[in-house]
Amino acid sequence: MASVQQNGQRFGVSEPISMGGPTEFDVIKTRELEKHLQDVGLYESKEEAVRREEVLGILDQIVKTWIKTISRAKGLNDQLLHEANAKIFTFGSYRLGVHGPGADIDTLCVGPRHATREGDFFGELQRMLSEMPEVTELHPVPDAHVPLMGFKLNGVSIDLLYAQLPLWVIPEDLDLSQDSILQNADEQTVRSLNGCRVTDQILRLVPNIQNFRTTLRCMRFWAKRRGVYSNVSGFLGGINWALLVARICQLYPNALPNILVSRFFRVFYQWNWPNAIFLCSPDEGSLGLQVWDPRINPKDRLHIMPIITPAYPCMNSSYNVSESTLRIMKGEFQRGNEICEAMESNKADWDTLFEPFAFFEAYKNYLQIDISAANVDDLRKWKGWVESRLRQLTLKIERHFKMLHCHPHPHDFQDTSRPLHCSYFMGLQRKQGVPAAEGEQFDIRRTVEEFKHTVNAYTLWIPGMEISVGHIKRRSLPNFVFPGGVRPSHTSKGTWDSNRRSEHRNSSTSSAPAATTTTTEMSSESKAGSNSPVDGKKRKWGDSETLTDQPRNSKHIAVSVPVENCEGGSPNPSVGSICSSPMKDYCTNGKSEPISKDPPENVVAFSKDPPESLPIEKIATPQAHETEELEESFDFGNQVIEQISHKVAVLSATATIPPFEATSNGSPFPYEAVEELEVLPTRQPDAAHRPSVQQRKPIIKLSFTSLGKTNGK
């Protein structure tokens, strides 16, 4: 492998952690990894690769014909008509070289000043494409944050963006990496160009492109298997994973992919968020475009997992991440680190790392969001809108109830027996380490109604677009969420996660004080009434009720919520810094209290194991300490839909490794104390918004049951 030190070049904003080269063991493990990635079908065939190149050539000729047509229609002189040109660029996974079979190709059409987006791109070009027999499934999205047209050309999926440059002629050798190309460009053009500029810059900033590609393929596959690959759901998308992998490649420039994967988990499991990830020092530029800078922009201080793009204007590519999704990803990084350490002693293999996360076994309680529409086209539009808003439900629950965590599933589910309908699910559980009280109530009616009001404010809403939100127990999950539509007869056994859960249960049940508390809670609960679970028996009444638009008689609904550790502990100042951020770091200290009607009783405190730390070498010089407080309200548009008033604390720029919670079971979802959340009888709202039918709202009541009752259905 070529060393980056052969020419004295340094990559990134800090010195590498290690310049060590590969060992024979690394070569073997990397070959095993590459074979595994091939066996699971992550590489396209040579025939498909050739077909993609042919399709891109056809698309380039289409846009060149289009630009000649509109130039002639607008009466340009003969010279400009002769030189009229448009050009196709690629970006995303295809440009990075990590796309798989059947993946979309992200493309950008760059056109001259006289070819407008509204009238020409979404006008004449859209008309031309619609009349071509080789073009199918044409879906223009002119109102998107980054306007695009999606379609298939000869069976290959294309996402086509448009950038209108203030040039009369687009040269065939146009270089998009020059900042001057952004001068006098409109905002939508800047955003459209950003994909290509960022992708190309990533490839320039990694020491070895082939090692980067193999590692990124691995991490993308791992993230999808573990359910943390989705920008819209609050996790990380393709560009985010690419930036994180590129940073690891910079820190270990001579390492093979097996080491890069291992160090990925080791570094980011210990990373002290919200310290930002940079591939290069941010360029403030000379064009006056806004860049990510928490020293200047107060709202940038609210980003909890900033991963900054390397091309001007630098932006936070991960502003969608929430407290809950960050907690989930940190748990997954910890799990990955443990498995990679086990692999070094041959106690685990790549199959172990890529075990899919059993989402529908991880929780006892879920929120089910059902949507439907009148026809396929309406459902496609409605689905896209609802997916973009689901993150708001997670944020609202986090904001209103600081002790509850939401885990959104990144994909939708289709019930084949119900056409024009799909469902989304969120796991619910309570933070560990938060004092809890029997009988404590959480009125989530307002939260659900706020979310539904936001969704129903869709500007393209038409009758037939419906949404309902309800609670469902694990034992009542519909069969269509399981592979093949068949509910498994038992939970997963023999996996890394299940073994960790078993170990954790054994350690939990050995605690005498906890057992005493449990007995008291169970005896008090058994007096509550015939609807209470006794000895693990199911309630006689239904425990999965959907909050639809149809008025129904009130029912009690039980929701079990495991308690888990708070992630908000202060970092350990004695541990070596691994921060490489060239900026100071910020986070919010805003607080939100639960809506409670009854005073808390029998507060149970759960102790945590003493923290451990796993230090690694410093990779940057700590910066000066700075403290600042702000009190402002910000409107975040698409990032946070409602105004928030926060008291923001500016953290020390010296990054330290956060405490390691030894209570983890190898999964971000510890199985400890189990709570029962019961929905109390509710009244119908006085007024209903669109849709016109009124909807019930749930009140959730918490009461504790057995600590050892963690696998009950």
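Backbone N, Cα and C define each Cβ position, glycine as well.
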Out of Asp39, Asp159, Asp173, Asp175, which one does Swiss-Prot list together with Asp104, Asp106 for Mg(2+) 2?
Asp159
Suppose we draw a 10 Å sphere around the Cβ of Phe91 (ATP binding site). How many other Cβ atoms does it contain, all chains included?
24
Taking 10 A as the limit, how many CB atoms besides its own sit near the CB of Asp106 (ATP binding site)?
24
Cβ-Cβ neighbours of Asn320 (site 'Interaction with RNA') (radius 10 Å):
24
According to DSSP, collapsed to three classes, what secondary structure does Asn320 (site 'Interaction with RNA') have?
coil
Cα-proximity to Tyr229 (ATP binding site), 10 Å cut-off, over recorded positions Asp159, Asn320, Arg391, Lys396:
none
Say we define neighbours as other CB atoms within 10 Å of the CB. Which of the recorded sites Arg391, Lys396 has the fewest?
Lys396
Name the residue among the binding-site residues Ser93, Asp104, Tyr229, Ile239 whose Cβ has the smallest number of other Cβ atoms within 10 Å.
Asp104
